């Protein structure tokens, strides 16, 4: 009952946010709204669905997903609303069956030199997927609720100089985790960025950040301050590069029966992103080292790599490749049971059957290894997706 009350509170909060965004945006010039539904049918096979080193479970399954996007744009405002409902069934592992839902909203408004943007999201999903990039506890099917809000204000100081102020808030809670070491937490961030255009193609940035992580069930509070210097450059019409580098300092406080223990740590921060558009196809590469909030009761020092590649083989066929890697370590530099490495790669082949109907066949390889274990967990899976995008409908004036 307490959990359902919590879910209802979060649903009400996001619903009010979405309503506020919609009403606020409607104050601008009246334009037509669009609605774009999408349906996805998927069948799959996974030889180690729980990504574990012992007691591997192989299973086939099926997924049904319904998506809807809605929005409206004017010369000075933009609003986007979205929702997704996913039902996944495992034929040989029915205890992993899940039904997930999410809602999201974005609204932006320009007024003279200022622009305002607000994003919000509510996710009701499973730890089978939500913990991939952080704790790695994907072996059990437990429910997770995530509420997210992020306002941003941007002000043009001069034709070359821009100031951006942003903040975000996350509230994450878990249901019925029992002996699984997952804990509710709050994560708050604030950032101030100064951007200066050096030329039509290059701009320099200076960013100051502050993050606060609070996992009350583990009596842990952590605050991180960071400073980054960056550069973005349009190397050509089809090639762009951005890079940030800096340092962070973290202070953590643990509550024990002896009292409060405080520790300090520091480390590097960086973000690098390369984007390339070919005559046909595109490539995106990124690398990042940052602090990530985790459900295992601690803040993680995470290094991540990501690759995305799309290449049309013709008017109907498309070849794609996605890869991700994470290296998670305790932010205090001490050894932790959460210290782990994760790698995933997924090639896919897509076929456009009609303007609305698409078919895709993909393979995914996953590897996960914790430092305190000798074994590696490996998973191989195959997916067949059928996606139907309904024609966009216009509503209103």
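Using the three backbone atoms N, Cα and C, a Cβ is placed for every residue, glycine included.
Pulled from TrEMBL:
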type	residues	note
DOMAIN	301-377	domain 'Bacterial surface antigen (D15)'
SIGNAL	1-30	signal peptide
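Per-residue pLDDT, averaged across the domain 'Bacterial surface antigen (D15)' (301-377), gives 92. Counting residue by residue with DSSP, the domain 'Bacterial surface antigen (D15)' (301-377) contains 0 helix, 54 strand, 23 coil.
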